[in-house]
């Protein structure tokens, strides 16, 4: 993929490997080493330790998750170990639960809003980076990295402080603009739309750096002649972007969008720490709903069914993502 | 483009860049600013944009308050062990996936990518149940195992990328000199991918260091918390949230991550393509 071609580090020391041909996946033995001849025995021996750990910590739990979703595992079961297999009841209950559908709808809408916001702003910043002098570009990059590096727990707490009623600096600034009246004591986590806005801002703030830097990395690999030729043909700046830059960026953009969908669909920490899913359940997305069901209400079986549904929904996006990755020349 | 248009473009670009920097930097600045303000300056009707009487008192409150050092030790221990295991196992697996051609390789690669993309709550629920049965809830071993689920697929993926950058000729030369498969791996390949090992360690460190959800769900005793849980629970119930001390704690907690990000920023961009940091 163009954006990540100076990729996974280190490529600088190998004599600049040519970018992998995009259809290399069909028959792709070129990069494998001479040890290949020793065949699969050594390979599987090397894979085994990691494979065993992954079986234990990923595959087995997922299998157990599916099993648990067909049981009535609850708080009592945690102590007694006793639970019954209840068949598909957890699923039929779930599908009959209006709160499930509301959470699903919230998650979809919220994910769409976050992805749209972060990709649009990220693309804008990437474009901006190409137009700056070296000093300014460095400054923007460092600012991006600082925002990106903040651990979600820390940034969620900072957010609560920024939006704190009474002494929060955001309320103070908004009050000063005079646009919304006196907002000094507005409690953002206590109003559904405001809670959404503040969480949206937090997610977008954290997501933009990666998107901007990745798209910028793709942009600087674009041959300048492409744009020059379009300009010579009399195309305006907007037209050049639409007809030349955008098509060039499309593979990277698609990949980034798919990743953002997966990440944003799963956002948990920020919502949990900023609004705890409230007020009422206004910001309860599927992840928060599953967590509350399994670990607050301790309806573990129901929570498991919810997690299965969430995972199945995400697998579709993940499949698209992996297909894209394959197509963009990752030699799997 | 004429020179004048070019210059005007620069001015517009620089203006937008400055505004963007101010907006994006502000939360970070506000955290640091608050961390150095005495409580009386932090909680004011009109915010102070610069600490009038900068103080380290908040750091003192945060660091010498409830269990900071214990929880820091927990974090370092659990994260350290996680990183070492995922790097060692990841390196072997990455070697297999990048230097050998064998049936099922593609399936393994796809499985790793899927594992990387699984939603956090999907693993959380069953892991909780299994650990409950196995008596691993509230233990550091349990936490390490849960973090391996987080870091191992990613370490494999990233190191595989590094292995691919080592030219085949290097190996072939060693082979001609009579080196065995093991010698090729140990003496030639592993040293050459050392930068990748370092980058992957940092990724794994960040992912485990930042985890809140798993530690929050699995560890019930305050003395067993890791730093993110410590930070999130760090309030002063008597006087409401002590934001100044909380921001000081946030600065301390974020600092290592920020330093690492600045060091490996380029690799991060590419590494993230594999779904580096969850949540």
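Cβ coordinates are placed from backbone N, Cα and C, and glycine is handled just like the others.
Annotations in TrEMBL come from automatic prediction, not curation.
Keep in mind the model is a prediction, meaning the values are calculated, not measured.
Sequence annotations record features per position, and here TrEMBL assigns domain 'ABC transmembrane type-1' to A:104-321.
The annotation region 'Disordered' is assigned in TrEMBL to A:1-35.
The annotation transmembrane segment is assigned in TrEMBL to A:41-70 (among others).
Residues or ranges marked as transmembrane segment in TrEMBL: A:108-129 (among others).
Taken from TrEMBL, the feature transmembrane segment applies to A:141-163 (among others). For the transmembrane segment (A:141-163), the list of distant contacts is 125, 129, 169-171, 188-189, 198, 201-202, 205-206, 208-210, 212-213, 269-270, 273-274: same-chain residues at least six beyond its ends, Cβ to Cβ under 8 Å.
Within the chain carrying the transmembrane segment (A:194-219), a Cβ under 8 angstroms from the stretch's Cβ atoms is held by residues 1-6, 110, 113-114, 117-119, 121-123, 125-127, 129-130, 141, 144-145, 147-148, 150, 152, 155-156, 159, 163, 186-188, 245, 248-249, 252-253, 256, 260, 263-264, 267, 270-271, 274-275, 278-279, 282-283, all 6 or more beyond its ends. Taken from TrEMBL, the feature transmembrane segment covers A:194-219 (among others).
Under the heading transmembrane segment, TrEMBL lists A:240-263 (among others).
Annotated transmembrane segment per TrEMBL: A:304-322 (among others), in sequence order.
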Beyond the flanks of the transmembrane segment (A:304-322) by at least 6 residues, Cβ under 8 Å:
62, 65-66, 68-69, 71, 73, 90-91, 93-94, 100, 255, 258-259, 261-262, 265-266, 286-287, 289-290, 293-294
